[in-house]
Amino acid sequence: MPVEARSDIPVPLPDEVDVAIIGAGTAGMAAYRQVRKHTDRVALIEGGPFGTTCARVGCMPSKLLIAPAEARHRLAVLPAFGIHSDAGTVDGRAVMQRVRDERDRFVGFVQAAVEGFDPAHVIRARARFEDPHTLRLQLPGNGTGGAVARLRAGRIVIATGSRPAVPDMLRAAGDRLLTSDDIFDWDTLPGSVAVFGAGVIGLELGQALHRLGVRVRLFGRGGELAGISDPAVRERAVGILSDDLPMSLDARDVTVSRDGDAVAVRFRDPGTGPCNEPFEWVLATTGRRPNVDDLGLEHAGLERDGRGVPVFDRHSLRAGDSHVFVAGDANDDLPLLHEAADEGRIAGENAARFPEVLRQDRRTPLGIVFCDPQIAFVGQRHAALEQAGVEFEVGEVAFEDQGRARVMQVNHGLLRVYGERESGLLLGAEMIGPAGEHLAHLLAWAIQARLTVGQVLEMPFYHPVIEEGVRTALRLLNEALGMGPHPPPRCIDCGPGA
């Protein structure tokens, strides 16, 4: 089981601190470390289990499930290389035991980090605002509800994370309804799962379970998949991934009902008509909701948006002109570990320096979906560029004939890169294809360095590597921008299959 929050409470509790941080996840811990550089009068408050969302229920356990799925899939494609082997018998209990063991190990690292903090600063309690500067602390009890304390804080950082959002229509599944917070505690793999939500989490988990022998169908709305905004990339992604994973990305008239121990999912698929499919489990991967609804924000004097999240400046993390800062998943902006760490650092620095508040540049946006082939987004996305009225051109490369990708039998996908017409700056990219996690980093670094497409093309490209596909797309983009010649179809310096 995941490591639980420690129960020791500093006695006596402080009456007042310079900075109170609510939440000891990735953002909260980063904020704490930053505040400690300026003051010792700080409180880190946590009411739940220690261990970040990433370590307990997010990026790490999901990759632990994806890894055996990828291993089994490699066995299935070996005949293409003239190698014949058993397709791979899956021991579901062994798969899930390793997931849990390694997950708990990662959570233990977080626990060790918290235990390295000054114990006088760590308060095990649930916090609510009583007024803009006063927090009501509900301390752990022994069945009687626990004691209540109050803490005054000059500045407050909200870093309370998020939880799965579950649509009401799925609740008819009863105790057969799960979220991504639940499945990593399975004792073994189930026989079948209906995955609702075709975003990043749903696609990653759905494909992994399917490749491990679980009967899966991925349900979505409006044909959307994994947040891809470029229509050409989305069309290619749907075509590639649906060959491997059953999908109903535009399911309509969906109903969920219990049928004994099973769940009956009825839906109408524009491609196949009415369907009725039974499943052992329903998995909701329909997004996450910021944990801000039980903080008493109505007493904090903060303007809130329609989601109940304080309106904040993403470059300072400051809520309005207040002394409150909102970081990590709690602000519902960019729910990614590296962004949460950055936001915690910025929020902690500004809370410590307050009233001096600095607006800091943010890193180039970077998103990776660990399906196969991988999906990636870098910089400004296609839809955002169009909505902003940016004048841009597109260069693209398909991986079907890309040399190294074909050698490795991973020649599926499409990369599209975007450049600004006037300046030639590289603006962004969307892709599905081999080595997406690595190509995305190269492009993100180039964008953050504010390189033009021509400047990126001056960088070295070895042969034969998948990165040569990036060069092809950039050459075509440079031509579309009017800043370079048309690349020959088989240039002599590129090598075959570049």
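Even glycines carry a Cβ here, placed using N, Cα and C.
Automatic, uncurated: that is what TrEMBL annotation is.
It should be emphasised that the depicted structure is a prediction, and the values quoted were computed from it without experimental measurement.
TrEMBL annotations:
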- 18-344: domain 'FAD/NAD(P)-binding' (DOMAIN)
- C54-C59: disulfide bond (DISULFID)
- K63, T160, G161, S162, D329: FAD binding site (BINDING)
- G197, A198, G199, V200, I201, G202, L203, E204, G287: NAD(+) binding site (BINDING)
- 368-473: domain 'Pyridine nucleotide-disulphide oxidoreductase dimerisation' (DOMAIN)
- H463: active site, proton acceptor (ACT_SITE)
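Feature map: annotations from TrEMBL on the structure.
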residue	record	Cβ neighbours (10 Å)
C54	disulfide bond	22
C59	disulfide bond	18
K63	FAD binding site	15
T160	FAD binding site	31
G199	NAD(+) binding site	17
I201	NAD(+) binding site	24
L203	NAD(+) binding site	26
G287	NAD(+) binding site	17
D329	FAD binding site	30
H463	active site, proton acceptor	14
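Other than G197, A198, G199, V200, I201, G202, L203, E204, G287, the residues of this chain whose Cβ falls within 8 Å of the Cβ centroid of the NAD(+) site are, in sequence order, V195, L205, G206, A226, T285. Close to I201 (NAD(+) binding site), meaning Cα to Cα within 10 A, are the following recorded positions out of C59, T160, S162, H463: C59. Spacing of D329 (FAD binding site) relative to G199 (NAD(+) binding site) is 17 Å (Cα to Cα, whole number). When the C-alpha distances from G287 (NAD(+) binding site) to the recorded positions C54, C59, G161, S162, H463 are tabulated, the minimum falls on S162. Cα separation, L203 (NAD(+) binding site) to S162 (FAD binding site), rounded: 20 Å. With respect to their backbone Cα atoms, C54 (disulfide bond) and K63 (FAD binding site) stand 10 Å from each other. Take the Cα of S162 (FAD binding site) and measure to each of the recorded positions C59, G197, G199, H463: the nearest one is C59. Around G161 (FAD binding site), the same-chain residues six or more apart in sequence whose CB sits under 8 Å from its CB are G23, G25, A27, T53, P290, N291, G328, D329, A330, listed in sequence order. When other Cβ atoms within 10 Å of the Cβ of S162 (FAD binding site) are tallied across all protein chains shown, the result is 20.
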